[in-house]
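Visitor: Just dropping this structure here.
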């Protein structure tokens, strides 16, 4: 029933979901979820620029371009927040829109360049999980595994710089370098995912599983575990559902699966779920009456 | 004449968004505007599915509802303890994904394709005309003028209330201002602005125009009125510069306008910093006398 190619794609989107769930948790805890959104949009000019400069549609080349502009956008946001009186929200929105606008400009230039059509580049906006080739998937596997491995290795250090940066500095940890490393990993996750689910929906994979996990637990290790599982589950189920009918695009369905997990958590999680809150409140009031 | 309509549309987007953006920046709600600009897609698709027509008025209604829904959901999640950026992120990505899915399922043959929604087709604006009171103008210009009137009316009616609830929320609440209602009415004007600008210039330029000119104005303004004037001027300038740059390089007009927003921001930022440095030096040298 499950064809060979579908199996590969399933594995790819699952690994991607796990990786995004894990790095998303770190960026969520730093209150930087929307920075990830901007960084995802900012991959577009990098992809187009890499293609214009090298004339190659090789994935590694495009990925390097994407990573560079994506990192640049995060740097711009930090720079604006530090050196102007603008608040983070305005800086993020401005950088997001301007980078994406430049991306569109470059894409139209690619479009009419003699090197030919933009097909392949346009896919980055909405993703093309279902039609990824073996070599695309190999890249996805490798980078997802690296992301997961690095996150596990750096777990202790990152935990410290997120929850107690002052103490971390005190015991001599290179806080800035560790933060940069975390940012780099988030950028890497985005770049890994855009081919599968696209620029716009990639930010969803970083945000939604982490936000769901936060509803269940306050402990970082459990949160990472839950978020990784939620992301992976969304990847599997979403890809599977979209394979059932031709024309169902994989990216949106993966995101909607993640959204369902969030919705269930929002209602039913024992700690912060709305229904359990309601029951607790009722019990409390009844107790008062009696 | 064609060129005139395209530039006029861009300039109107600049003015309308420039006005709407000021309180967005001051209320630190830029990212909610970004969220709404994604979720109006959902509203438009729903309007299409229900009415089976691409009538601009129904789209305005659908978009307004989607905008309020977005603001409401973000508020709901936030009030149940989810941090703000995540509340925004979860809401808009889910609704956007739903919108994209509904398009592929029910509306793939109409001109509602997603790329159009993202990038807009400002160069087609002049051909879609509409006559009212024996004046014939592009539909986009009509829509933008309508929303401009709505935005200006809103400001004229509620300027004081908006100002108070922006800068002193607690005080505004205690003297009995309906701050929540005001928030939702403001969000409605943002969604109307988004959808009016949307059809011609796409979601990306809407975000750029809503946030960019007002943010640039915020750098150099000393009062809200000044900020409004600068914001409108930067919006118009971005549209005009963007148009000619796009013509020069033969590329996407909406994209170039967004890029122009960025260039103007950088230019104003640098000039402002230089001026500050110069003033400081002047003060310092005066002090040494």
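Just so it is clear, glycine is given a Cβ too, placed from its N, Cα and C backbone atoms.
According to TrEMBL, the protein carries these features:
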- A:6-29: transmembrane segment (TRANSMEM)
- A:34-53: transmembrane segment (TRANSMEM)
- A:59-81: transmembrane segment (TRANSMEM)
- A:88-110: transmembrane segment (TRANSMEM)
- A:137-155: transmembrane segment (TRANSMEM)
- A:193-211: transmembrane segment (TRANSMEM)
- A:223-244: transmembrane segment (TRANSMEM)
- A:250-268: transmembrane segment (TRANSMEM)
Visitor: Using a threshold of three or more Cβ pairs below 8 Å, and leaving out pairs closer than 6 in sequence, do the transmembrane segment (A:34-53) and the transmembrane segment (A:223-244) count as in contact?
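Guide: The transmembrane segment (A:34-53) and the transmembrane segment (A:223-244): touching, no.
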Visitor: Pairs of Cβ atoms less than 8 Å apart decide it: which stretch in A:6-29, A:34-53, A:137-155 has the most with the transmembrane segment (A:193-211)?
Guide: A:6-29
Visitor: Return yes if the transmembrane segment (A:137-155) and the transmembrane segment (A:34-53) have at least 3 CB pairs under 8 Å (sequence gap of 6 or more), otherwise no.
Guide: no
